[in-house]
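A quick write-up on the structure given underneath.
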């Protein structure tokens, strides 16, 4: 009767969905009691017809055209309703299994497939979607469950859209696979009768959706007593963008859950990234001007820091403008290669800074000789070699290593990311080693009094600042790699915040706390103040002169030519050496060079 009604209607409301699911649950209980009073030879036919009708009802209720009705059900009630529907399908299958203990039965509908299989002495995989009579929409489905040898019948059901209504915390995690269930006949426990673990293969439904983190896929089962998903007893053995393979030590409803990047988080991350990168870019611009704009500040160490800032600045601009432009594969590859080179160059110049500190301390060669040529080769040439080799390997092996689904960056799945992580870790280790050696030499020279105290204090300060820069850049990109690999909300926020602070950190510790920069800033402020004072005095003098000229001219009070004012002296000075015009020579003040 319910099946006939469902076949005849074209519209269902949320109230209809709730009523139908409750009626199906009640019908199973009634049918189970009635079968006890039916003769043994008639039970099989009745149970077969009933189970087939139940599967058809379940398939109709799960049609896409009724999705809006499901969505109108209160979100807190959807998972319970979905669990009740699955439970009714399972109980109907168990009724049929009891009447056919040695037969293998398959029932296939548009949204539900059910296999009822007898006891087996070896591993068996279900459902059999290649069997004749299976609906064509199941032909490309890879979902299956492999059972160990069992001594009783098993009922396996696979649901096409049921997982969409099984989301208990849709703002955090969602079901990203079909739901598959398995249960043993006449078993009160989900695990005590199993001879080993079950293996479940489930394909991912959302594979190109940027709102989910496919790498966070985890195997889950529906805990009927708690009314939520749990991972107890289940582990993910293999996972990629397309599917996940799980192992569990019990039977029930299984599905794959993934973390969700909600719209609020996505918006917040965009705001943090944009504001942070703008602050970082402004800070780096100030540093570059401070390091290169004043000659008094300019030295090998500040030139090194300026090049580091330039690389980081360009990288931040490219990152901000184009890291997510994945629509065009060729353009995205070029962007990824540029970012790969620029960020490697940042670490290369950081390594150069450590080398410069060591050279300053131990004076390996004459400090007056130019070594910047070698520094440029190391800072820009080495990253070019690494990126060149990576691009060549990527092209020859066809790895698609410079394109990911979400970002124009190095791929993780083929381990191409290590062409960045490897050099980065190498530079960090080398720099830490150089700084430790530097501190050791400082300690040795101080002990033997071969190092001036003020110079030693300055170098120790440089070492601490350099070490902190290593920590900031290192932690930033460790978090960045972890976010790319795991894509969790925590790593997303941590990377966005710390990445935005890189430029600000360099501004504070390498620029504003630099003694030479401080001296130049004070000198510039002082000169600016003097200019304002002189300009103000000059303006007043000019105004007074103009006012005097105007008043004298108007009253015709000029009695002596202006030249007389220069050559006219008191009578007692006439005929002396002072009886000449006094010429005050102009003194050219030295112009300080910066």
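Cβ coordinates are placed from backbone N, Cα and C, and glycine is handled just like the others.
According to TrEMBL, the domain 'GAIN-B' annotation covers 103-264. In this model, the domain 'GAIN-B' (103-264) carries an average pLDDT of 84.
Taken from TrEMBL, the feature transmembrane segment applies to 267-292 (among others). Within its own chain, the transmembrane segment (267-292) has Cβ neighbours under 8 Å at 261, 298, 302-303, 305-306, 309-310, 312-313, 316-317, 319-320, 492-493, 496-497, 499-504, 506-507, 510-511, 514, 517, 520, counting only residues six or more beyond its boundaries.
Here TrEMBL flags 269-514 as domain 'G-protein coupled receptors family 2 profile 2'.
Residues or ranges marked as transmembrane segment in TrEMBL: 304-323 (among others).
For 335-361 (among others), the entry in TrEMBL reads transmembrane segment. Note on the transmembrane segment (335-361): residues 300-301, 304-305, 307-308, 311-312, 314-315, 318-319, 322-323, 325, 367, 371, 375, 378-380, 382-384, 386-387, 390-391, 402-403, 408-410, 419-420, 423-424, 427-428, 430-431, 434-435, 437-438, 441-442, 459, 462-463, 466, 469-470, 473, 477 of its chain, located 6 or more positions outside it, place their CB under 8 angstroms from a CB of the stretch.
Marked as transmembrane segment by TrEMBL: 373-396 (among others). Listed by sequence, the residues of this chain that lie at least six past the ends of the transmembrane segment (373-396) yet keep a Cβ under 8 A from its Cβ atoms are 300, 304, 307, 337, 340-341, 344-345, 348-349, 351-352, 355-356, 402, 416, 419, 423.
Only residues 6 or more beyond the boundaries of the transmembrane segment (416-442), in the same chain, are considered here, and those with a CB under 8 A from a CB of the stretch are 340, 343-344, 347-348, 350-351, 353-355, 357-358, 361-362, 383, 386-387, 389-390, 394, 399, 401-402, 410, 451, 456, 459-460, 463, 466-467, 470, 474, 477, 481, 484-485. TrEMBL lists 416-442 (among others) with the feature transmembrane segment.
Annotated transmembrane segment per TrEMBL: 462-484 (among others), in sequence order.
What TrEMBL lists as transmembrane segment is 490-513 (among others).
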